[in-house]
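Q: Here it is, the structure, as C-alpha cells.
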Amino acid sequence: MAVDAPHADDPPVAASEPADTPQTLSALVPSSSSSRSDHGSCVHTLHDNHDTSGQGVAGRALEGNLEGKGESKNVVAGDEDEDSGMQPVRRRVTTGTVAPPPYTIHSHRMRWFVVSLVALAGLFSPLSANIYFPVIPAVAQDLRVSVENINISVTVYMILQGVSPSFFGAICDVLGRRPTYIATFLIYLGACAGLANTHTYWLLLVLRCVQAAGSASVIAIGSGSIGDVAPPSERGLFMSVFGLGPMVGPCIGPIIGGLLAQRYGWQSLFWFLFAFGAFALLLIILFLPETLRSLVGNGSIPARGINRSLVSVWQQRQRRRQMGEGSEVDEASLKAKPAKKGWRDVRPWAPLKMFREKDVFLTLTFNSICYTLFYCVTTSTGTTFKSTYNLNETSLGLCFIANGVGCLAATFVNGPRLTHDYKVVQRQVERRKEVEGRGEERARRRRKDQNDLSDFPIERARLRSMPYFFVALIASTIVYGWVLDKGVHLSAPLVMQFIIGLSVTSIFNAVSTLLVDLYPGQSASATAANNLYRCICGAAGTGFIEPLLNRLGAGWGFTMLSLINVCFVPLMILEWRYGMKWRLQRFERLKREKEREEEKAREKGRELEKRREGH
C-alpha cells in the first residue's frame, strides 16, 4: 500500500519498523495534536508514556486491531515524560501491521532499580539464618537449655525456609508481587519483634518458624519479579545480580551477629533485623512497581489498589490536576483494567506439580545434590576447623568469609557469562538454519522478537558453562577434605572454600535462570519448587555429615560426597539432549488444557444464558 509523504504540520515520524503479524495498538496519553490520515495514508506516531513505578500513565486512549487492507487508524499521541523512568516508544505503522510490542516498557535504569530492590529484599533470609550462628551458645545459656536444643531452632528454620515459598510463591503468581512482598515483610517484622523479647525456649522455636516463613519467600518473589521485567537475553545478568543479595548474608551475618551480641546481648540481633526490615519495607511500599505480567502486561496496563506504589499514586494525581479531572485520561484509565483474579485462583500445590515434568525434575535433582554438598561443607566448618586448628569462636566466624567471598565473586562472573552463552547459542542456531536453507522466515521473526523461545534451545544456553564449574566444585571439595584431614596450613582449606563457593553459586545461578525461562508465567512458583527440594536435601545433609566425618574422616568423607555428586551427572546430560523436546511437549499440553478450560467456561456461559432466556 502506498504511503503519502507527511505534511509539514504532521507530527514527527520515526523510522519504519516492519512486522510479521497484526498486533493490538494502544496509545496511552492524549495530546492536543493527533496524527492524521490523508488519501488513504496509514502513517502514525505512537508515544508510550509511563510513570517511574512501572504502571501506565492512566490507561489507553484508543485500542484498535490494525487488520485488513487499506485500513487507516488515527492514534492519539501524548507528550513524553523525561523523568518517567520509561522508554518512550515511537513506531511508524504501515499497511495495517505493527512491530511486536517490547517485552517491558520499563527503562533500563528502572529495571536495574527493580533488580536492586528485590536483591535487597532477598538478603533477609540468609542474613537472618547466619546472624544467629555466633549467638547460639549465649542463647542456650540465657534460656537454660542445651546447645543441641538450640540447634533445633536452626533445623525448624530450614524446614520453613523450604516450605513457605511454595505457598507465597503461588500467591504472588496470582495476586501480584507487591502485596505478597508487603505481607511477608509484615510477618517477618512481627517475628523479629517477638524474638527480641523472647525469654522461653518454646516461643523461640515458634517465632523462628514464623521468621523463616516471612523471610524465605522473598527470594521466590524476587525471581518472579526479574522474570517479569527481564527479557531472556538479559535475564542471566539480572539473575546473577539478584543473587548478590542472598550471597551477602553468609558473609556479613556472622560478623554482625558476633559484634552486636558481644556489646548489646543476643536480643539486639533481632532489633537490628527489625529496623533493617522496616527500612526495606518502606522502600517497597514507596517505589516498587507491580510487575506481574498477568496483571500489568509489559507494564503498560495500570495496576490498582495495593498493587500500585505510593509514588505512582502521587504522580497520577499530579497529572490529573494538570490535565483536569474530566480529561480523556480518566476515561481511558477505566477501560484498561488488569485481569481480575482472587484467592480462588491461587494454587499452593502448583510448585509440587512441577516435579512431574521430566526436565524440571532432573534439573532440580542435580541442583539439590550440589546444594547438599555445599551445605555439608558449610555446616561442618565450625567443628572441623575448631578440632583441626583449635580456633576460638571469633576466629571461626571470620573463617566463613572465604566461602562468602567466593559466592559474591560468582555473582560478578555469572552475569556476563550467562549473557555471553546466550548469544553464542543464538548465533549457532541462526547459522545452522542458514546452512540448512530452512527456517529463514522463522529466523527473521526471531530477530524481531528476541523473547520467543519456542524454537530456541534455552537449556543449552544456560547449561553451556556448567561442566567447568562442576569439575571445579568436585576437585576443590576433594582437595578441601584432604587438606583438613592432613592438617595443612589454614590458608589451604580457606582457598578451597573460596573455589567451592564460586563454583557452586555459578551452578545455582544457571539453574535458577533456567527455571525462570522454563516457567516465565510462574517463575516464583518454579523458584519455590527449587527452594523446597534443595532445602529438604540440605537439611538431610546436616543430619548425616557429622557422623560421616567422625567415621571416615574429612578426607574420605568429602571424597565420597563428591563421587556421589558425580553419579548424578547423567541427569544434566539428559536435560542437555532432550530438555527442549520435553519443554515444547509441555507447552503444547498446557495449551490444550487451557483451550479445554476455556471451552468449558464458554459452555457454562451458554447454559446460564439459556436458563435466563427460559425464565
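Numbers here mean position along the shown chain, with the first residue as 1.
Just so you know, glycine gets a Cβ as well, placed from its N, Cα and C.
Not measured: the values here are computed from a predicted model.
Feature annotation from TrEMBL assigns compositional bias 'Basic and acidic residues' to 1-10, 36-51. What TrEMBL lists as compositional bias 'Low complexity' is 26-35. Annotation source TrEMBL lists domain 'Major facilitator superfamily (MFS) profile' at 114-577. Feature annotation from TrEMBL assigns region 'Disordered' to 1-87, 592-615. The feature transmembrane segment is assigned by TrEMBL to 112-132, 152-172, 179-196, 236-257, 269-288, 360-382, 466-483, 495-519, 555-576.
If you look at the structure here, what lies around each of the features I listed?
A: Here the domain 'Major facilitator superfamily (MFS) profile' (114-577) returns a mean pLDDT of 84 for the predicted model.
If one looks beyond the region 'Disordered' (592-615) by at least 6 residues along the same chain, no residue has a Cβ coming under 8 Å of a Cβ in the stretch.
Only residues 6 or more beyond the boundaries of the transmembrane segment (236-257), in the same chain, are considered here, and those with a CB under 8 A from a CB of the stretch are 111, 115-116, 118-135, 219, 222-223, 226, 229-230, 269, 272, 378, 397-398, 400-401, 403-405, 407-408, 410-419, 421-422, 462, 505, 508-509, 512-513, 516.
Long-range contacts of the transmembrane segment (269-288) within the same chain: residues 52-53, 113-114, 117-118, 120-121, 124, 127-128, 131-132, 135, 177-178, 181-182, 185-186, 188-189, 192-193, 195-196, 256-257, 260-261, 309-311, each at least 6 residues beyond the stretch ends and with a Cβ under 8 Å from a Cβ of the stretch.
If one looks beyond the transmembrane segment (466-483) by at least 6 residues along the same chain, the residues whose Cβ comes under 8 Å of a Cβ in the stretch are 370, 373, 377, 492-493, 496-497, 499-500, 502-504, 506-507, 510, 554-559, 561-562, 565-566, 569, 572.
Among residues of the same chain six or more beyond the transmembrane segment (495-519), those with a C-beta under 8 A of the stretch's C-beta atoms are 223-224, 226-227, 232, 235-236, 239-240, 243, 247, 354, 359-360, 363-364, 366-367, 370-371, 373-374, 377, 381, 399, 402-407, 409-411, 413-414, 417-418, 453, 458-459, 462-463, 465-466, 469-470, 472-473, 476-477, 479-480, 483, 525-527, 529-530, 583.
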Q: Where among 112-132, 152-172, 179-196, 555-576 do we find the most Cβ pairs under 8 Å to the transmembrane segment (360-382)?
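A: Selected stretch: 555-576, with the most Cβ pairs under 8 Å.
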Q: Considering only the recorded stretches 112-132, 152-172, 555-576, state which has the highest number of Cβ pairs under 8 Å to the transmembrane segment (179-196).
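A: Counting Cβ pairs under 8 Å, the winner is 152-172.
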Q: Report, as numbers and ranges, which residues of the same chain sit near the transmembrane segment (555-576): CB under 8 Å and 6 or more residues beyond its ends.
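A: Sequence-distant neighbours of the transmembrane segment (555-576): 359, 362-363, 365-366, 369-370, 372-373, 376-377, 459-460, 463, 466, 470, 473-474, 477-478, 480-482, 484-486, 545, 548-549.
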Q: Using DSSP, what's the helix, strand and coil tally for the region 'Disordered' (592-615)?
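A: The counts are 23 helix, 0 strand, 1 coil.
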